[in-house]
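Structure incoming, see below.
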Amino acid sequence: MWKFVLPGIAMIGVTFAFARFSFGLFLPPISQTLNLTESNAGLVGSTAYAAYCLALLTSSYFIQRWGQFRVVQFAGLSAILGLLGIAFSPNFYILAGSTFIAGLGSGWASPAYAQVATESFKKRDQDRGNTWMNSGTSFGLVVTSPIALLFTDQWRLAFILFAVIALVVTVWNMRVLPSKRPDSVPTEKPKSFAFVKQAKFLLAASFVMGVSSSIFWTFSRSYLTSVHEMSAGESVLFWVVMGLTGIIGGAAGGLIQKIGLASSYRSTLLMMMLAIAGITIPNSVIIYSSAALFGAAYILMTGIFIVWASRLFPTLPSMGVSLSFLFLGLGQSLGSSVAGGTIQAVSYPFSFLLFAFIGLVGLFVRVKSENSKGEEQTKSAIV
């Protein structure tokens, strides 16, 4: 299992932490260099989420056409090209296009690795393997944070370094994962509307979480430097804490086995909303606690979505993960754009509290993991 899990963790770290989320970490110096407004920054952030959604829409077809191992390579290539584009962006438009290219990789990587887990891992290892690979985002954040501290005023060099690391990780995956298309990949054409109907509760939960979490990923560091007047080092430490606690998310599979899917979902959602609201309190301990809670909760929640999707669609988990992460990405794309507008029109504290309350809507979503044969169902999230 670990032969595939370790390069999987690295690729998820590259495509999510480097190619998608590092923009938020470097937003203050990028905005200063390219003269971006908060609204501009929100739009740039939303392009990465839009690309993520587009990649998710195509991921199942690509996996069935070329196999999951080849799709992993596509993910790595998009990350490399996008990161280089960001590094050399001279203006808002090139930056937006580059973040779009970079965002494609995350939408291809997660479904591909979900299929890798199903095809290559023993049944008892699939939940653990999926959630550990998903925790790669946190490992990536731990790497990006010291780079951001060292290259605060040289953000272009930082993104060149990210691109080099992405190249190394892509080569590692190419050497470890066979490029041959597995014969066991389902070739039947899925009925999309039937899939959506079956996964309606999962998709609703994913969308709400996407909207509410987007403001934290895109604007948390700007909040710290603009409102709380933290130094660059203090704000980078915030991301280090977020990344370190996010590694806990690798234990999502074990948590689900112990307390069930519904309880895991509810408790994790409450953690995340508490984190988003907590950053508004001008107290260092609470602010860093907010980072710790958000890091752990976000990775736990995405791991929960992967397991939920895999149980709903046991023969084609990549489709379930694609749908879940598609709605997560749609929520993040909408949320990032709206957040930039509300911050500019009202204030940072109002916007973060608003998005925390929006996230609480997810508590009213039923949690069902009944697969296509009706073999399993959890309790409702409303008790």
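Cβ from N, Cα, C; glycine included.
So TrEMBL says this about it:
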DOMAIN    5-374  domain 'Major facilitator superfamily (MFS) profile'
TRANSMEM  43-62  transmembrane segment
TRANSMEM  69-86  transmembrane segment
TRANSMEM  92-110  transmembrane segment
TRANSMEM  131-151  transmembrane segment
TRANSMEM  157-178  transmembrane segment
TRANSMEM  199-217  transmembrane segment
TRANSMEM  237-256  transmembrane segment
TRANSMEM  268-285  transmembrane segment
TRANSMEM  291-309  transmembrane segment
TRANSMEM  321-340  transmembrane segment
TRANSMEM  346-365  transmembrane segment
Does the transmembrane segment (43-62) come near the transmembrane segment (92-110), with 3+ Cβ pairs under 8 Å (pairs 6 or more apart)?
yes
Please work out whether the transmembrane segment (199-217) lies in contact with the transmembrane segment (291-309), by counting C-beta pairs under 8 angstroms that are 6 or more apart in sequence and asking whether there are at least 3.
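Answer yes, regions in contact.
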Any contact between the transmembrane segment (92-110) and the transmembrane segment (346-365)? By contact I mean 3+ C-beta pairs closer than 8 Å, pairs at least 6 apart along the chain.
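Answer no, regions not in contact.
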Check the transmembrane segment (157-178) against the transmembrane segment (237-256) for contact, please; criterion is three or more CB pairs under 8 Å, pairs 6 or more apart in sequence.
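These two segments do not touch.
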Of the listed stretches (69-86, 237-256, 346-365), which one yields the highest count of Cβ-Cβ distances below 8 Å with the transmembrane segment (131-151)?
237-256
